[in-house]
Amino acid sequence: GSTVISKTLPWICGDQSRDASFGMSVFNLGNAIMGSGILGLSFAMANTGIALFVILLVSVAIFSLYSVHLLLKTANEAGALVYETLGYKAFGIPGKLAASCSITMQNIGAMSSYLFIIKYELPIVIQSFTGANDGEWYINGDYLVILVSIIVILPLSLLRNLGYLGYTSGLSLLCMVFFLIVVSTIPPCFLLPPLTLLHTYSKFYKHDILLLVVRLAVLAAVTLTVPVVLFPIRTSVGHLLFPKKDFSWIRHVIITLSLLAGTNILVIFVSSIRDIFGFIGFAVMFVCMTLIIYDWIVNSMKDQGH
């Protein structure tokens with residue numbers, strides 16, 4: 001969510017020519033936060049318990065709020081509109097590289113999780129409509145991920161202005177709200193994580209219309225969230241590899257295709273979403289902790305006069 005904020009800061013600073021309006025930024029930010037929350041929060045609560053989950057949630061919220069505060073402060077004082085610039089002003093080239101890698105890996109993990117839902121849920125929906133056998137190609141999750149990426153996700157991801165995605169973000173938010181209302185009111189399993197509840201419910205009501213509608217809502221929500229998540233990755237890669245280059249449609253398309261193709265390959269060949277969550281979380285935390293320890297050591301040496 002905070003990475004999407006960083007990409008809409010030029011609007012706050014007065015540059016409205018290329019970025020989203022305030023209203024569209026709200027939709028995009030809400031879509032990014034809720035889209036990640038459907039998977040990440042339920043997964044975290046299921047593995048940590050309620051007490052530790054609340055502690056972690058509050059801690060992450062405080063760190064996110066402070067990071068956005070720093071970004072806004074540097075935007076006013078030094079013109080650092082994105083996290084890459086903030087990292088560069090704080091730590092030089094290593095800081096810029098670390099910020100770019102962290103944003104890229106975090107959002108690739110989010111994109112992968114959304115595509116995993118498409119891979120495993122869309123075949124079930126199609127099979128419910130058509131009654132097809134398991135061997136048919138059009139209920140193969142790998143093929144469906146590629147088709148959805150080409151037909152729906154790619155055209156939306158190629159948009160230059162993030163503001164245009166505000167309309168799809170609004171639709172995605174409606175789908176997620178419907179999903180949360182339905183699964184939260186199914187008795188007596190309201191304490192289960194949403195995706196666990198969805199699979200549990202499907203074991204007993206395989207042909208239920210409400211369940212099918214919920215699956216469609218989830219699929220629509222995650223599909224429309226992928227372009228919003230891809231936007232910060234593409235911007236981060238552009239800041240890192242082409243910092244002083246003017247906008248180029250050829251470069252824009254190549255970066256988008258490369259990111260989407262790489263994520264599709266990751267989803268097709270990695271069997272478990274837990275592996276992606278674990279690796280991405282560890283890598284991002286390692287990079288962040290390395291910079292924190294480095295800053296602490298350097299400041300300690302300066303205070304001691306070394």
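Yeah, the Cβs are placed from backbone N, Cα and C, and that goes for glycine too.
No curator has checked TrEMBL annotations; they are predicted automatically.
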Transmembrane segment according to TrEMBL, located in which of 26-44, 83-101: 26-44
Can you work out which residues elsewhere in the same chain, 6+ from the ends of the transmembrane segment (137-159), have a Cβ less than 8 Å from its Cβ atoms? 115, 118-120, 122-123, 126-127, 130, 165, 168, 223-224, 226-227, 230-231, 234, 252-253, 256-257, 260, 264, 267-268
Residues from the same chain, set at least six apart from the ends of the transmembrane segment (276-297), whose C-beta lies under 8 A from its own: 40, 43, 87, 90-91, 94-95, 98, 101-102, 105-106, 108-109, 112-113, 116, 266, 270
